[in-house]
Amino acid sequence: MHFFDTHTHLNYLQQFTGEPLSQLIDNAKQADVQKILVVAVKEADFKTIQNMTALFPDNLCYGLGLHPLYIQEHAENDLILLEQALKNRDTNCTAVAEIGLERAIPDLLTDELWAKQCHFFESQLYLAKQFNLPVNIHSRKTHDQIFTFLKRIPLSKLGVVHGFSGSYDQAKRFVDLGYKIGVGGTITYERANKTRQAIAKLPLDALVLETDSPDMPVFGFQGQPNRPERIVESFKALCTLRNEPAELIKKLTWENACQIFS
């Protein structure tokens, strides 16, 4: 079994480091990261990500979506363009991503922008339902609101609540709906006690691994762009929190990811 990095912005990692895409993928493969999901944050990413993944279809797949952090930039027409892109998608497109809600940034919490966030999230959930695709969800200080949307709009393919940070009870509600929990760099920090306890208690078949590269640096690499190969650090941290053998953890997190995004 291998590693599947279920959440990256590989296009931005390449832009940030200036390294050839082939080198980024080789580095990942040396750490046994055989599959990488590249997710969009705005409409301008769509073509870049499609072209990038077409070069390495055995290792890369992608998701198209409109991220809540960029809600001020998103136009209503972007939802139309997203629908068109999903309708014309190739087989490398395996998710609607990255979508979600954001309440950690005060500037995005005006009544107008919060309503727009909710509208874009709901619209993209319906697109995922329409095209029978899973979702990869951003949730920051919005677990209750996200849960309400997911319960109201059931999807056939479900998906992942990515980069989870929160309590066991919050995570368990998503798991009970059938969603997976994205485990990333947060658990490499001992101070993230609540999240570490949650990940330790959840069923292993509810977990997938991710890096969110170039974001969410793991402990020991603060201040550096995160990379798919550093999924190994999150895996090691996960193994210290779980009672299962490391090989079983690797096997099931791989299979869980493939079940959703392959």
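Just so you know, glycine gets a Cβ as well, placed from its N, Cα and C.
Divalent metal cation 1 is bound by His7, His9, Glu98 in Swiss-Prot, and the record lists one more residue there from Asp205, Asp212, which is Asp212.
Record check, Swiss-Prot: divalent metal cation 2 site residues include Glu98, His138, and the candidate from His74, His162 also listed there is His162. Residue pair His162 (divalent metal cation 2 binding site) / His9 (divalent metal cation 1 binding site) shows a Cα separation of 13 Å. Relative to His138 (divalent metal cation 2 binding site), the binding-site residues with Cα atoms inside 10 Å are Glu98, the candidates having been His9, Glu98, Asp212. Residues Glu98, His138, His162 make up the record's divalent metal cation 2 site, and a Cβ search at 8 Å around their centroid adds His7, Val39, His67, Ala97, Ile99, Gly100, Asn136, Ile137, Ser139, Gly163, Gly182, Asp212 from the same chain.
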